[in-house]
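Encoded as structure tokens, the structure appears first; notes follow it.
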Amino acid sequence: MRFSKALILFTISALVISFAKAYDPSPLQDFCVAVGDLNNGVFVNGKFCKDPKQAKAEDFFYSGLNQAGNTDNKVKSNVTTVNVDQIPGLNTMGISLVRIDYAPYGQNPPHTHPRATEILVVVEGTLYVGFVSSNQDNNRLFAKVLNPGDVFVFPIGMIHFQVNIGKTPAVAFAGLGSQNAGVITIADTVFGSMPPISPEILAQAFQLDVNVVKDLEAKFKN
């Protein structure tokens with residue numbers, strides 16, 4: 001039996017559409033463990049929704065990003081997050097925002113967002129920023145020096161960082177493609193987990209003396 005090109009194209013298109021629709025929604029928190037008893041179910045993938053008729057302007061509003069964050073800490077930076085926890089109206093919208101303040105020579109240390117791509121714009125100061133690609137791409141470093149008005153993108157899941165290389169404070173704003181992007185700071189996660197990862201495991205993984213690892217775990221202990 002011979003099929004016309006039109007029929008073949010129609011069939012392929014239908015399959016593509018069906019496959020495109022047949023996917024699980026992206027997770028909106030670190031995990032969502034299933035329960036058999038619905039009475040014990042507390043969380044959903046995201047937030048519960050209020051009756052749309054009860055929505056008000058305040059559900060879509062936040063004030064305060066004009067204020068600098070406190071950078072008096074070990075890394076000399078501060079991230080002010082505006083996600084679904086601050087603006088309930090962001091629920092299911094797939095977007096959020098942060099303001100990042102950097103003291104001179106401060107940094108937003110290497111970290112990753114498991115659920116979002118990030119696009120960052122510098123509004124004050126000079127930043128050195130970059131991300132590292134995956135093992136399959138040979139862990140290449142993509143880095144640039146950014147000045148006010150410059151924009152840089154950090155792809156989803158990639159380890160990335162920003163450093164203020166100037167003598168004055170710096171400010172940047174970033175949009176993230178999730179209502180709850182999540183953040184995994186590499187040093188805090190590896191050396192500050194609770195309970196701690198065995199120093200022997202980390203010593204082999206990082207090719208360090210085990211006593212160095214123990215010292216690092218003591219510094220990053222939560």
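A Cβ is built for glycine as well, from the same backbone N, Cα and C atoms used for every other residue.
Look at TrEMBL and you will find Asn108, His113, Glu118 tagged as oxalate binding site. Look at TrEMBL and you will find His111, His113, Glu118, His160 tagged as Mn(2+) binding site. Here TrEMBL flags Cys32-Cys49 as disulfide bond. What TrEMBL records for 63-214 is domain 'Cupin type-1'. According to TrEMBL, the signal peptide annotation covers 1-22.
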Cα distance (Å, whole number) from His113 (oxalate binding site) to Cys49 (disulfide bond): 25
Asn108 (oxalate binding site) to His160 (Mn(2+) binding site) - Cα separation in whole Å: 9
Protein Cβ atoms within 10 Å of His113 (oxalate binding site), excluding its own: 24
Listed in sequence order, residues with CB under 8 A of Glu118 (oxalate binding site) and six or more positions away: Val153, Phe154, His160, Ala174, Gly175, Leu176, Gly177, Ala181
Shell of the oxalate site beyond Asn108, His113, Glu118, same chain only (C-beta within 8 angstroms of their C-beta centre): Val98, His111, Thr112, Ala116, Leu120, Phe154, His160, Ala174, Leu176, Ala181, Val183
Neighbour-count leader, CB within 10 A, binding-site residues: His111, His160: His160
Packing count at Cys49 (disulfide bond) (other Cβ atoms within 10 Å of its Cβ): 11
Residues within 8 Å of the His111, His113, Glu118, His160 Cβ centre (excluding the Mn(2+) site residues themselves): Thr112, Ala116, Phe131, Phe154, Met158, Ile159, Ala181, Val183
